[in-house]
Amino acid sequence: MANMRNIILTALLSAIALVSGYVEGLDDKFTEFRQNELWLVEFYAPWCAYCHTFEPVWTEVGAELKSLGSPVNVGKIDTTAHTSIATEFNIRGYPTIKLFKGDLSFDYKGPRTKDGIIEFTNRVSGPVVRPLSSVQLFQHVMSRHDVIFVYIGGESLLKKEYYKAATEFIVHTYFFTASEEILPKAVTLQDVPAVAVFKDGTYYIYNEFIDGDLSSWINRERFLSYFQIDSYSLYQMGELSKLVALAVVDEKNPSEESIRYKTLMERVSTEYRDHYKSDFQFGYVDGNEYVNGLIMGELAMPSIIVLNMSIDGYYIPESSTETIEDLLQFLNSVLDGSTTLLGGNGFWQCAKRIFYKGKNTVMSMVETAPVFSCFVLGLPVGVVVLVIYATCTAVPADDEKPEEEATASPALDTHGKKAIESQPESTEKTSEAKKED
């Protein structure tokens, strides 16, 4: 029985060591060899609570990529031990995930899941723009991805702009090239070359005169018109010029009101797309945690809210939203400025947000790493206490002695007086001595 237990324990430890071996611990020397290979790297800190939660996921990512025969190496770096690395790559949050491809580095900003990270890795590590050579391949790609961009045509200035934009946005979505022959029969083009986005079960053609810069158009169109938005997608929308119209609901406890809010949002996103496509991104979020952090308060569920992610501002309807007309009226009031903007990035709001985030960070640190947190928080307090104690108990310097002598003058005067009174006796003795001589 004991032998069987030892065998199982040995096998378990061997499996853990084998899986952990797929993730390489890196140090400052990483900068010397990173350009020669593809690397997917996690930058973490020991005090980061989420980094500990995320560690098994990262191990799974390393094992999965290895089993798929991926050329991408997986590693991790402790930025508290290798501070120069954190400075060089401008690491500001934890965990930060970057893919290094030659001289370029790409930040992963999606959900911290194995599937999401592996999809990002496969997309970014391969060609920036991939050719679609057959109708079957086109249909296969369409079935696998919610949003794809396709360049149709031969060499042109538009193609150069397309490749440049693809390099910028490959971290978010897929880019392909195709000829007219392999497109679905339902797709009709006015001119070639052209750029199209396929999403929402249909397609939209880029028009330079209406849509403006190609890169900006791709940035606006890389999301579905209406979808479930998580905190990572919401964070990315700070890069858009759009406002984000949300139904905030609790999917675990659905209600008639929450279903109505979601339905209204979806209807507006499709039925009024041409009217609002440049101004609003529509969706819904499950839970109010991220929104609460943004507004620094508690938002009731279900609710409707419009976020301006570029300035951390938000709008809330002043009356109930019962019909699509009510929602349209609210959206129009946001655009014409008749609804009050709350929050924002003013001085006091920024100060309040810093305090709010700092408080949450400290609470998270104390909950997950109490000993380390006590050291980090107690060290500066201890230094201040020592400085105050040293100041209060300091020995007076030499230049302060005259003041002490001045305060002791009465005693000195007394002694001085006695010294003067004794002088006549010595004078008399001296005179008598002279007479005797």
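Cβ atoms are placed via backbone N, Cα and C, with glycine included.
Quick look at what Swiss-Prot annotates:
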type	residues	note
DISULFID	Cys48-Cys51	disulfide bond
DOMAIN	22-126	domain 'Thioredoxin'
REGION	398-437	region 'Disordered'
MOTIF	434-437	motif 'Di-lysine motif'
TOPO_DOM	22-368	topological domain 'Extracellular'
TRANSMEM	369-389	transmembrane segment
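Neighbour density for Cys48 (disulfide bond): within 10 A of its CB lie 21 other CB atoms from the protein chains shown. Mapped onto DSSP helix, strand and coil, the domain 'Thioredoxin' (22-126) counts 44 helix, 24 strand, 37 coil. Note: Cys51 (disulfide bond) has non-local neighbours Tyr44, Ala45, Tyr94, Pro95, i.e. same-chain residues 6+ apart with C-beta under 8 A of its own C-beta. The average pLDDT for the motif 'Di-lysine motif' (434-437) in the predicted structure is 45.
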